[in-house]
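Feature annotation from Swiss-Prot assigns disulfide bond to Cys11-Cys25, Cys18-Cys29, Cys24-Cys36. Residues or ranges marked as 3',4'-dihydroxyphenylalanine by Swiss-Prot on the basis of experimental evidence: Tyr32.
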Amino acid sequence: AVTDNEIVPQCLANGSKCYSHDVCCTKRCHNYAKKCVT
């Protein structure tokens with residue numbers, strides 16, 4: 001069975017730790033703070 005997580009990619013909310021833009025819901029990862037931003 002295919003789970004919802006495999007259908008819809010999980011994304012990180014603003015303020016979440018990130019290392020790439022793709023992982024953030026807003027597609028913007030702050031280069032220095034390493035957090036998703038709007």
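Here the Cβ of each residue, glycine as well, is placed from N, Cα and C on the backbone.
Owing to the predicted nature of the structure, the values given are computational and were not obtained by experimental measurement.
What Swiss-Prot annotates, mapped onto the structure for a quick look.
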residue	record	contacts (Cβ under 8 Å, 6+ apart)
Cys11	disulfide bond	Val23, Cys24, Cys25
Cys18	disulfide bond	Leu12, Cys24, Cys29, His30, Lys34, Lys35, Cys36
Tyr32	3',4'-dihydroxyphenylalanine	none
Cβ neighbour count (within 10 Å, all chains shown) around Cys36 (disulfide bond): 22
Of Cys24, Cys25, Cys29 (the disulfide-bonded residues), the residue whose Cβ has the fewest other Cβ atoms within 10 Å: Cys25
Cys11 (disulfide bond) in three-state DSSP notation: coil
Cys18 (disulfide bond): secondary structure state under DSSP, collapsed to three categories: coil
Reduced DSSP assignment, Cys24 (disulfide bond): strand
For Tyr32 (3',4'-dihydroxyphenylalanine), the three-state class that DSSP assigns: coil
